[in-house]
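Features as listed in Swiss-Prot:
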type    : residues            : note
DOMAIN  : 53-286              : domain 'Radical SAM core'
BINDING : Cys67, Cys71, Cys74 : [4Fe-4S] cluster binding site
Amino acid sequence: MYTKKPTIPENVIERAYKGKCTKEDALLLLEGNPFELFELANDLRAIAAGDTVSYVVNRNIYITNKCVGNCGFCAYRTEKGYILSIEEILKKAGDARKAGAVEVCVQGGYTPEADMEFYLEVIESLKAEYPDLCLHALSPMEVNYAAETSGMSVEEALRRLKKSGLDSLTGTSAEILSDRVRKIICPSKISTQQWIDTVTAAHKAGISTNATIMYGHVETLKERLDHVFTIREIQKETGGFTELIPMSFLPYNNPVGEKMLASGKFSSTGLEDLQLIAISRVILHTYVKNIQATWVKLGKKLAQVALQCGANDLGGTLMEDQISTASGGSHGEYVSPAEFEWMIKGAGRVPVQRDTLYRKIESGFPGQEGLFPGYAKAGMGSKE
């Protein structure tokens, strides 16, 4: 019989169960046996979320690939690109709704051509045409840039977005919440404090957000942990985060990645991915209930393993993911509801469909077993 004694100190475990993990505790857990960390995180997941694993039938809609930013990790932006018209956006949303989507995620670059008045028209038009769709849209960066372009404060922009029908703001553009890192990888983006102020203002305006962390580039381990602890501090104040989504950096077709690859460094390892999901569960226990294992970054099989390491959500069907694909993502752009159910049951968990705000949706696969038009059934919904 295997009887190896756990090496995690009892006081560290006690603090974890109470939601009082310290930075010193987190470092100790990451430096120790990873499987003990996974076991602890999995137990905390069971306490916080039970044995259900959620997913959302959604579609990404990329409004524009034009962007005046200079992010070194991005392979998506272009100075000569497209901006979708309102009619084109509504068409994409309509196709998604027919396929059973309950959410559309509207995002893109930031450009003077997309000011706050444009975004307000997009939100109002979508909500008028599809009132039952959850509108998960814009990042703190887009809100700041568009608000400034339109000559209004961030607070006013958020109030007007809420009034227009915005259900949830994306928590992207966080990258790593360290100004040292941001000056290297995204010098023209909002500062750490501006990101914090924007999501805090959104929460206070009644707009929930998710939170993200993009890791595996120039940040240190301490900066990763500081990021997650920052999310915890915001959540203590506002309670407005629905989930944390760890996203591994994709090092292809972008300047930051080119430098990494030239120096012999590659993207985060699978073990690092699982450790970050696990330590995020430990740090955020009692504060943020949902930790996502995003299949489009991790791949389906590692995402399934992550369900044993603290994750309780697999994200969305997506239907398209231009940003990951541009940076070398190779895991496809679509997973059908049927395949999500298969993955979750295969991990010994209970699948649950949800919406953006983690409200349960009665499942019932639309159309051809939930397959989005244009994807072959033989591929189980994965365009690879």
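Cβ from N, Cα, C; glycine included.
In the three-state DSSP scheme, Cys67 ([4Fe-4S] cluster binding site) is classed as coil. Residue density at Cys67 ([4Fe-4S] cluster binding site): 22 other Cβ atoms are found within 10 A of its Cβ, drawing on all protein chains shown.
Its Cβ placed at the centre, Cys71 ([4Fe-4S] cluster binding site) has 22 other Cβ atoms within 10 Å.
Summarised as a single figure, the pLDDT of the domain 'Radical SAM core' (53-286) averages 94. The local packing around Cys74 ([4Fe-4S] cluster binding site), expressed as other Cβ atoms within 10 Å of its Cβ over all shown chains, amounts to 21.
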